[in-house]
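Take a look at the structure set out below.
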């Protein structure tokens, strides 16, 4: 459709695929973390196999060299764009699942002495290397497509869903045995999407079950209940104008609010709870751990510097820079931007409204209230008595 104001009817083909995806996600998560963990062994490793296959095929194409050179040649002028900084920050937060709650929700199922330091090093380095490698795969095909169509690579390399669902599939249709490459590419996209959805739904259901422990006996019903709610909320994405709604959600729902969450986490952890107390907690769980050449005793000072100084400053810079030079979505009505800001603020207000309510309800002067609310309770600590 023309814009978000004209969504049009629901497309039954999209609706059935959407329903099938949700049934698969809920059925997997309803059995608990162990069952979803087994599925993730496949969904997390299979995309690597596909990426390697697509990379080998991609670098053999005409124009692949030009595409790769475009990818690895920096354009420093783009650093003056606020959107570039915001997109880069949001992308690293999304790909690492930092400040989305997923890491905390899933790690809560770990054993107390799990080597979270090793996991951190492996996941962060693995994630960034994967992103760089995926760029080589994508731009080898974009270089081929640019040469085939006679267009500039910069014009071909559009960001957002257009790249994944229009440009790249079109490039694949130009290859011999195009059906094979199309199937491999979309299987990779499905497994990546399902993987992300596992974590996001598990985050919500785990938070709900922690808040209402009695509901743990009804894990399957809880997961399917949230699945039905999210399914209904996403029905607009299956309409003729679903791509406009997707652009709106992509631009507003997972951008500024994630940066605010990260900033609040850094302040709470580094300046309220305290870095020394937090690193002492980690050392209690780890003992004297070394991951490769990385001993935690040395890296904890770097982590503390990031939590207290570097990360908050970087986040404040990106937040203010992107808000000062804010640009609204192209060709969308103004009420759509208002809807988008509503998505952003709904998350931010969910942080500050409970905090304000607690401040009002707590007895004493303002300073006393802050002291009470920022002091660990007697129950704070490991859940099992043997670890206390």
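Glycine is no exception: its Cβ is also placed from the backbone N, Cα and C atoms.
Contacts of residue 95 (Na(+) binding site) defined by a Cβ separation under 8 A and a same-chain sequence distance of 6+ are given as 127, 131, in order along the sequence. What TrEMBL records for 95, 127, 192, 195, 196 is Na(+) binding site.
Residues annotated as transmembrane segment in TrEMBL: 12-30 (among others).
Annotation source TrEMBL lists transmembrane segment at 39-60 (among others). Packing against the transmembrane segment (39-60) from elsewhere in the chain are residues 28, 68, 130, 133-134, 136-137, 140-141, 144, 175, 181, 184-185, 187-188, 191-192, 194-195, 198: each is 6 or more residues past its ends and has a CB under 8 Å from a CB in it.
The transmembrane segment annotation in TrEMBL covers 88-109 (among others).
Residues or ranges marked as transmembrane segment in TrEMBL: 121-142 (among others).
Annotated transmembrane segment per TrEMBL: 180-200 (among others), in sequence order.
What TrEMBL lists as transmembrane segment is 220-239 (among others).
The transmembrane segment feature in TrEMBL is assigned to 251-275 (among others). Here the transmembrane segment (251-275) has Cβ contacts under 8 Å with residues 86, 89-90, 93-94, 98-100, 304, 307-308, 311-312, 315-316, 318-319, 322-323, 329, 340-341, 343-345, 347-348, 351, 374, 376 of the same chain, all six or more residues outside its ends.
What TrEMBL lists as transmembrane segment is 302-326 (among others).
The transmembrane segment feature in TrEMBL is assigned to 338-360 (among others). Remote same-chain partners of the transmembrane segment (338-360), defined as residues 6 or more beyond its termini with a Cβ less than 8 Å from a stretch Cβ, comprise 248-249, 251-253, 255-257, 260-261, 264, 329, 366, 369-370, 373.
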> Near the transmembrane segment (220-239), which same-chain residues lie under 8 Å Cβ to Cβ, leaving out any that are not at least 6 residues past its ends?
Replying inline: 1, 7-11, 14-15, 18-19, 22, 25-26, 29-31, 201, 204-205, 208-209, 245-246
> Against which stretches of its own chain does the transmembrane segment (12-30) lie, if we need a Cβ under 8 Å and a gap of at least six residues from its ends?
Replying inline: 36, 39, 190, 193-194, 197-198, 201-202, 205, 219-220, 223-224, 227, 230-231, 234-235, 237-238, 242
> Who are the long-range neighbours of the transmembrane segment (88-109) in its own chain, taking Cβ under 8 Å and residues 6 or more past its ends?
Replying inline: 33, 116, 123-124, 127, 131, 199-200, 202-203, 206-207, 210, 254-255, 258-259, 261-262, 265, 314-315, 318
>> Is it possible to get the count of other C-beta atoms within 10 angstroms of the C-beta of residue 195 (Na(+) binding site)?
In response: 17
> CB neighbours of residue 196 (Na(+) binding site) within 10 A?
Replying inline: 16
